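As recorded in TrEMBL, the features of this protein are as follows:
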- B:K7, B:F8, B:G9, B:G10, B:T173, B:D174, B:Y179, B:R184, B:K209, B:V210: ATP binding site (BINDING)
- B:T47, B:E74: substrate binding site (BINDING)
- B:272-356: domain 'ACT' (DOMAIN)
There are 2 protein chains.
Amino acid sequence: MARIVMKFGGTSMAGIERIRNVAARVKREVEAGHQVAVVVSAMAGETDRLVGFCREASSLYDPQEYDVVVSAGEQITSGLLAITLQAMGVPARSWLGWQLPIHTDTAFAKARIGEIDTTALDESLASGVVAVIPGFQGVAEGNRVTTLGRGGSDTSAVAVAAAMKAERCDIYTDVDGVYTTDPRIVPRARKLSKVTYEEMLELASVGAKVLQTRSVGLAMKEQVRVRVLSSFDDARDEDGHRGTLIVGEEEIDDMERQLITGIAHDKNEAKITLTAVPDRPGAVGSIFAPLADAGINVDMIVQNIAHSTGSTDVTFTVPSADLARSLDVLEKGQGEIGYASLVHDTRVAKISVVGVGMRSHAGVASTMFQTLGARGINILAITTSEIKVSVLIEEDYTELAVRVLHTAYGLDAEAA
Amino acid sequence: MARIVMKFGGTSMAGIERIRNVAARVKREVEAGHQVAVVVSAMAGETDRLVGFCREASSLYDPQEYDVVVSAGEQITSGLLAITLQAMGVPARSWLGWQLPIHTDTAFAKARIGEIDTTALDESLASGVVAVIPGFQGVAEGNRVTTLGRGGSDTSAVAVAAAMKAERCDIYTDVDGVYTTDPRIVPRARKLSKVTYEEMLELASVGAKVLQTRSVGLAMKEQVRVRVLSSFDDARDEDGHRGTLIVGEEEIDDMERQLITGIAHDKNEAKITLTAVPDRPGAVGSIFAPLADAGINVDMIVQNIAHSTGSTDVTFTVPSADLARSLDVLEKGQGEIGYASLVHDTRVAKISVVGVGMRSHAGVASTMFQTLGARGINILAITTSEIKVSVLIEEDYTELAVRVLHTAYGLDAEAA
């Protein structure tokens, strides 16, 4: 007997037929003797429909009322899954965010989960009743409904798993796991059977969008073992596993450990260059402080060496969606910053190689530069972390770069 | 300054454009200096959609989970109306059933409202914030969501009006009031400016379906002044009133009082006759007790005088929707009841004349019988109450009967 959390996304919950498929999977775990809590998303498209209503009602909608509206989607699917489970002979009940309760802060529309009270839940699970919990929602001080921001159901699942001390949090989705890179670019990409939290964070934030980044961070903090697997496909690996397990580094044997775990790419960045910025203390601060104030996330930053004129060029990237606002902020600050010109380019891509193994191996970065150089791919910027090396290149070379790096680091699967 | 409740049905809430129309009406009352609580239905079609999901999931769905699913429709519209009001500069917030809270019993899917706690509501209204309350929902012991049964939003509105001691409960709908009879049958039907609770109950339960019967009963019990009026049409009577006011008899002047207030018809009854039932004590009980046990509402009952053989024929009506179940119950009981044959007929209609004035006037019934007789309309059964006379006739004569009675009782409007 173990306690497990199963989480199903919107595609898995889209319509009663698919909800029956979900219920059948839950039933299998119950019959295996487990105590099961299920966290569900709204039906695919439903949250968009509800968000659309709010936006139509007012472009400046009150997030407290937005949360009342959009949380309804998960409320509906949680009741429907409970009904479907009961119809299959599996005792089940729904627990809305305010019923459990799942306490959050008061950051409406993007709330963070605080404490989850599991007293009633523990009792219900112990009596053999499956708990169906709508993802994405909670309740704040003053008894107001909150939501966690888009994709928040993954975070709900991990938080519930942590609170109920679940052995595992299974995230069912429309892909069968985490791959070494995007299989649409590299058909010989391999599914990873295990990946560390840290690697998953780097892979998720740079483009391998399987799990919400926040949920991975929470899983790491709370040491929740997360598994990503398919709702629709029961295929197992040669070693009998399904999906990809996301765990702490200590759970990965040396035997399994690879130098590089995966290659990610992200085309949603834009590059901004300020030329001839005065090379004096505080100059860089005057660029980035107003961007931070505007809530814009600056990613890669490169400061060239100073020109003999006593000025320097500063290049950095921002999310493409924030480019217009960034340019606005920088143009307004030209007097204070004192740059000569402002150049931007959206036709760039960030390519990252990720792996905890690189901590103890030199040469990862230089392999990357040489491999790209050999194909004539120009590197516009570089950043590194302990387990990641990222480069900015021209967008047109994205697929080529991913493919050659995948081969260079020995990630290609054996030909079938 | 007065406190008022405004209630809007599904047609009035169907989409953001219509919700804006609703918000504009609310704003007008706020600007007139009133404290306003608004009770809303789900968007037209939404509750059917959610009920459909539940039925598809299981024909024997758990009503506790059904309530979680179907209450979402009103949750959505209450948040959207709050957003829309705010966008028009009117402070507003939603209060879900569990937030207020609206306490109900545990009869899930058809709960009855108990106490409504207005502490928080009073404070919010006094601070000038419009309260938007989803109709149809409440919360039962154990913190479970309940709903009141279809059409329950009218009842929610009246219950909220009673709890907050509102001066008036305005029910906005797609008709502009209560008419002397169905205007589709009698174009010269007149809109009533006032009608008593008792008359409205008789008119509603026999076919003039403007308001949910339960809400009228509650309004009578709690002495809530209810007004029915149109969401879409601002036309006023010659005397400057809108809609129809439903009030206690004491609020209607003798001058205004009519002998007959309206004529109702109902084609949804079926007639059942048991022939040659033994004329002995307990025989009638053995017919109706099992029907009551099956939850079937028997309406008109006629027992003919005994035949010389010591037996009698018993005729009664049931809702057409319950006919098949009724026949089943009666066939199973043939041994015990001891009737000779079981005859049924769905091609019947009940015609009722209603009016508190008939209490003090003789001759209402005989006018009815003579008027119908003169047109060759055969009367199959008769029932009377203090303020109503109903007859059962062949369905084909429905419209003719309504028209001639409307004229006979002097209800026709002056020709324009």
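Start at 1 and count along the chain as shown; that gives each residue its number.
Glycine residues also receive a Cβ, built from the backbone N, Cα and C atoms like all the rest.
Sequence features, as recorded in TrEMBL, placed on the structure.
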residue : record                 : Cβ within 10 Å
B:K7    : ATP binding site       : 29
B:G9    : ATP binding site       : 21
B:T47   : substrate binding site : 23
B:E74   : substrate binding site : 31
B:T173  : ATP binding site       : 22
B:Y179  : ATP binding site       : 22
Under DSSP, is B:T173 (ATP binding site) part of a helix or a strand, or is it coil? strand
Spatial separation of B:E74 (substrate binding site) from B:Y179 (ATP binding site) - C-alpha basis, Å: 29
Could you measure between B:G9 (ATP binding site) and B:E74 (substrate binding site) for me? Cα positions, answer in whole angstrom. 10
Which of the binding-site residues B:G9, B:T47, B:E74, B:T173, B:Y179 have a Cβ lying under 8 Å from any Cβ of chain A? none
Taking DSSP H, G, I as helix and E, B as strand, the domain 'ACT' (B:272-356) contains 29 helix, 31 strand, 25 coil
Could you tell me which three-state DSSP class B:T47 (substrate binding site) falls into? helix
Under a three-state DSSP reduction, the secondary structure at B:E74 (substrate binding site) is helix
